[in-house]
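Notes follow the structure.
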Amino acid sequence: MVVIWFTGCPGHIYKTECRNPYAIFQGCMRLISIGSNAVDLTKVQQTLIGNFSDLQMDTCGIIDRCLPNYCEHKGRCSQSWNMFYCNCSDSGYAGATCHSSIYEQSCEAYKHRGNTSGFYHIDVDGSGALGPQLVFCNMTDKAWTVIPHNNTERIKIKSYKGTNHHFAYFNYTVHTEQLGAIINQAEQCEQEFTYYCKQSQLLNSPDGALFSWWVGRRDKAQTYWNGGVAGSRKCSCGLLENCFQPDRYCNCETDGKEWTNDSGLLSFKEHLPITKIAFGDLNRTGSEAAFKVGHLQCHGDKNFWNSAFFNKETSYLHFPTFHGELSADISFLFKTTSSSGVFLENLGIKDFIRIELSSPDEVLFSYDVGNGPFEMRAKTPSPLNDNQWHHVKAERNLKEASLQVDQLPTRTQKAPIDGHIHLQLNSQLFVGGTASRQKGFLGCIRSLQLNGVTLDLEERAKITPGVSPGCPGHCSTYGSLCQNGGKCVEKYAGFSCDCSVSASAGPFCTTEVSGYFKSGTSVTYYLKEFNKNASTQSASMMNLRGESVGFSFRTTQSPALLLYVSSYHREYIAAILNRHGYLNIIYKLQDDKDAEVFQISQRNMANGLLHTVNFGRVSETLTVQIDQFPAEEFTVISDVELDSIKSIVLGKILDTTELDPEISRINSLGFSGCISVVQFNNITPLKAALLHPTASNVTVTGQLRESHCGSSNPFDIDTIRSLSDLSGRKDIGEPMVDAIKSESALIGGVIAVTIFVLICALAIMVRFLYRLKESFQSRNRKGVKPDTSTHSTFNNDPSPQNVLRETQKEYFI
């Protein structure tokens, strides 16, 4: 007897009787036939034939778990029998339902992660509806968000009779909705505009009909220009009352025959960016004009620093009910010295959501959607009540809940497959406490965001007893970003790095300051303003019983003088490379004694590679370290004090009257190569020469060029683009562009030129091949006589390898 089992083997059957190498089938079947006989499923249901288990008759119970689609932000849904899955690749979002953005919300946030200038994706509203956008973050003392547009060149407009106005349009790389969100979130925005004119008026001030205007993002015409105040119908010179004509409000109102301009920043951010400009007064003979519109630039993030300080356990802030029925993400930063407290709570009739500090090293995330309380705990290896900023991110969706503290691994826990799914809340949202006024939080909460919306803690704190707007003390958390001796400086909304005592520069004192020297280059840093009439005693009384010196260099020259520190008493410190390329540190601390020369190992350092030298002296003990090699110690026996320091010299010493003969011989060669991040105690001579060349105590002779030669790999430098790199041609001379060009015209021109070049290249190639063929045919007809010169004696064998027949032509393209 033959027995047939459909979809799988029954549980009570031995494996020898039924073997199924595949997974058990789950789904629907109909029109079943065995051989030529149709199976009557009614009889199966009546157990007249066969038997069954876990089977539903006359219905197909498959559930489409992707309808509705709970995958957010264009995540792709797929399903198994019991569950749906979301593919979030290429969406910019992550999580079980593609809910949370993988990008920061601003350039400010990237800066406080320690990132340098570059292109970054930002997602202004986090998990909200607005998608991520690519922008350029220019990290200076501020974090500037730079948004380019399609008309950055300086564009010249010629006069056209019969035309009242010419229009220019500006399309930005960021969509309109995201652009508005970036501007609203920023502390300040600005856009540079320059108008060049020749017999062409800009405003027709003070009371004439308008010639020109510009339109912002709200499609409203604006009549102020170049640093003028909104609604003033003036340029900046009109506000300052220093225009070329006192009775006019712009320089481009003189109607003169010479080129002039009005230039300045438009900074009323509610009107920015410029989307359209109408130019008039260009239909007269001789009228000409040009314009240039810079990129939109914004800095600051009002949401990132929005904070409140809770100084009573019974204090709290309340906000409207949080609506996160199917998906909810909550993120914030906090700092405290308290061991516990509730960060936020929102209640419903039975449902609730709460995040709290349950102990010094544990954050508790709990909620109830009707299936009973659900708890997640995240423990940390170190206490969280250390008065430093800590980040908390909690998320709840249909599939799981997650909790992350700082950069520790995210804790996740699956949600029940069946049961209630909607989080139904109806009370106010309490921040920093609870409705019962128990277990209140003491400390600071900052940048509180719920489903991508930032709550304005500062505004609400202004009117709430026991709560203060703002939280000082950011250096305790972010101070480590200031490197290479930079000092963290507190600000109300953030911090900055003071690099004045560091040999490096940049927002975090991490940008190496490097200079390329030629043989005649000299940098002299005087420890007191140079005065030829000053006596030795009054010029510099700086005496040292120790010093700390550091620098990097790259050269192939030996011998070479790297650094020279002189005093008014013929004492000096020098760092040189001898003729073998070995580093020597020379101390002469007494005029009547010979200099002490300390050779630092036997490594050739004139090999074109970057080397770092650090040496320091405390009294008679000298410690020297090269690169990553172990430090070496020496003893200075002549004296322990360098008296009356005069100057620090890099490169060639110009005043050679008191040089020792050996130093003078090496100095005559000068120095060719790179020197980087030079520091002598708190003095940074190279930085002063490159960044402050007009300072009275710095003298630069010869060619000194700032470079990136201080990078350990000069061919692999992390290029930081400045705003000028994004701006196209510089403003030099008369406007060069003859007409307004659109993107399509530019692209069309490029395509046309490319096609023309390809056609020309093809024609030249065909002509070349044709002449080559004729040449070989002519040789075959006439024959080729052997060359009797010595150069051809090895090539007279008319073998197939040496004769290129017409049928064996090779073309090299």
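Each Cβ is built from the backbone N, Cα and C atoms, and glycine gets one as well.
The record in TrEMBL lists a disulphide bond between Cys471 and one of Cys444, Cys497, Cys499, namely Cys444. Same-chain residues lying 6 or more positions outside the domain 'EGF-like' (472-510) and placing a CB less than 8 Å from one of its CB atoms are 108, 111-112, 114, 116, 139-141, 300, 305, 335, 387-389, 550-551, 677-679, 682, 684, 686-687, 691. Per DSSP, the domain 'EGF-like' (62-99) is made up of 0 helix, 10 strand, 28 coil. Same-chain residues at least 6 positions away in sequence with a Cβ under 8 Å from that of Cys444 (disulfide bond) are, in sequence order, Ser307, Ala308, Phe309, Phe310, Phe334, Lys335, Thr336, Cys471.
Per DSSP, the secondary structure of the domain 'EGF-like' (472-510) breaks down as 7 helix, 11 strand, 21 coil.
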